[in-house]
Amino acid sequence: MNSEWILSTQGPKTFARLPILGTTASRTLEENAIQNHPPGYLMQRAGLALAKLSLAVAPHAHVFWIACGRGNNGGDGLEAAIHLHQWGKEIHVSMPAADKPLPTDAGLAFARARQAGVAIHDHAPDHWDICIDALLGIGLTHAPTGTYADWIGLINSRSCDVISADIPSGLMADTGDAPGACVNATHTLSMLRLKPGLLTLHGRDVCGNLWLNTLGLESTAEPTAWLNPMPAAYHRPHLSHKGSFGDVAVAGGTRGMQGAAVLAARAALQSGAGRVYLALLPSANGEASVKVPADLMQRHTDALQPQQLTLVAGCGGGEEIAHPLPRWLLESKHLVLDADALNAIAASADLQTLLQGRDVDTTVITPHPLEAARLLGCSVGEVQADRLRTAQLLAKQFKCTVILKGSGSIIAAPDRLPHINPSGNGKLAIAGTGDVLAGMTGAALARHASAWKAACAACYHHGALADQWVKRTSLTASGLLESI
Ligand SMILES: NC(=O)C1=CN([C@@H]2O[C@H](COP(=O)(O)OP(=O)(O)OC[C@H]3O[C@@H](n4cnc5c(N)ncnc54)[C@H](OP(=O)(O)O)[C@@H]3O)[C@@H](O)[C@H]2O)[C@@H](O)CC1
Ligand SMILES: [K+]
């Protein structure tokens, strides 16, 4: 029953497709397990795992501050305290005072801790070397208040290691929202299963290193989502030719905005597409304002034969992209829609109908949160408030595969469980990296012929390139695609 290292701040430590459970599904799993085990069984396992991880993280720490809330998350902390106390460590256990009784499992842990000789204070210590944050778990319902908020502030004020039990206190388990004070952990030990909030929105910034301990519970229950796995390496047979890996055309680049289209086309080429065409929009008069590598074949947009290729449309397309879009939506064998193509679709009910009429596994849309908001006719705040739900809504409404970009990109498609992507980091938050993703998705779609598989693979690889960026210089979109 060892804890598994899932993510470091440098990227994924696991390459598997792991289940992710929202709060409701986690509670069902927990309740089923509680019925089959003696009282306190899971919490005792959680406490042992927490104690072991804290020792592994800070073997020379003298004082362990174990900050416990008055729910079952606090119970995990109390169980950890019992072990650390028995192992001869100096511990300071704090729990806010209140008249309200503890829930059953936490109450049991409280009694066990008292019996083991653990002192439980209603104040924080003056000094500590490592903190176990067991204040709030998946029971958080609103921004932390009172002593909870004060102790979260205190935890964050020191530069010591912080191990969060289950989830950093103050983070919403389903969405990654942090409505108020939130612990900034160096390590988070998720119990039973991963939660969506650990992996998207604020989750990645406050979790530090993410660990998982299943507490020995197997379950066949359907998860809420999956962690997007590292795709299998694809094999290029010796007996192959340029037609074996599909043709990609990148269409976009209105006058003065051609860099985006060239970036996407170069990314498709670097990703192994057999042939890549660059189709600049008519206002460009066939002339690129940026250098076009000789390996890209330039074509007039009217000369493209979309029935036979994977078309990546949008990059730097401006408003002009709206004119050829109806034909492309009707005729393209495979389609990746990004940026201005998405803005055009958001503004036109006719284009939306055409998109909805396409075969479901032939199209990928790659909106960032603002583009997603335009498509759904809502605010960016509403998009970000529940990114998993937003991506699923987009997939259902437009009948295609969606990559909702941002911290913890979500990949969704109709009638599938979504994936949350674990690779990538803040270096990607620069202009042009979205064009690179569109080009990579185009190349993957030309190869896989499945929008879903292409989106999952491209999203993972794109993030992994940023995780592997070790140069001292800042990441650039060109640098990113050259590292493919
Ligand atoms: N049972 C088991 O076997 C297992 C349980 N496990 C563990 O249980 C955790 C879930 O426990 P949970 O459901 O008790 O919720 P939890 O996160 O402790 O919070 C509830 C407390 O917080 C309070 N509170 C809420 N919001 C607040 C706020 N904003 N500001 C201030 N207070 C606030 C709330 O107060 P109330 O709102 O009720 O007044 C209540 O007192 C889970 O994350 C995992 O760690 C695992 O080890 C697996 C085995
Ligand atoms: K916690």
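In case you wondered, yes, glycine gets a Cβ from its N, Cα and C as well.
When TrEMBL records Lys405, Gly406, Ser407, Gly408, Ser409 as binding AMP, the matching candidate from Gly377, Gly434, Gly439 it lists for that site is Gly434.
TrEMBL names Asp133, Ser169 for binding K(+). Of Asn36, Asn72, Asn73, the residue it gives for the same site is Asn73.
Cβ neighbour count for Ile138 ((6S)-NADPHX binding site): 25 (other Cβ atoms within 10 Å of its Cβ, all protein chains included).
Checked against ligand 2, the binding-site residues Gly75, Ile138, Ser409 give no residue with a Cβ under 6 Å from it.
Confidence across the domain 'YjeF C-terminal' (225-484), taken as the mean pLDDT and rounded to a whole number, stands at 94.
Counting in whole angstrom, Asn72 ((6S)-NADPHX binding site) lies 13 from Asp133 (K(+) binding site) by their C-alpha atoms.
Screening the binding-site residues Asn72, Tyr148, Ser169, Lys405, Ser407, Ser409 for a C-beta under 6 A from any atom of ligand 1 leaves Asn72, Tyr148. Counting only same-chain residues at least 6 apart in sequence, those with a Cβ under 8 Å from the Cβ of Ser409 (AMP binding site) are Ile403, Ile420, Asn421, Gly424, Cys459, Gly463. In three-state terms derived from DSSP, Asp133 (K(+) binding site) belongs to an extended strand segment. Cβ neighbour count for Gly316 ((6S)-NADPHX binding site) (all protein chains, 10 Å cutoff from its Cβ): 28.
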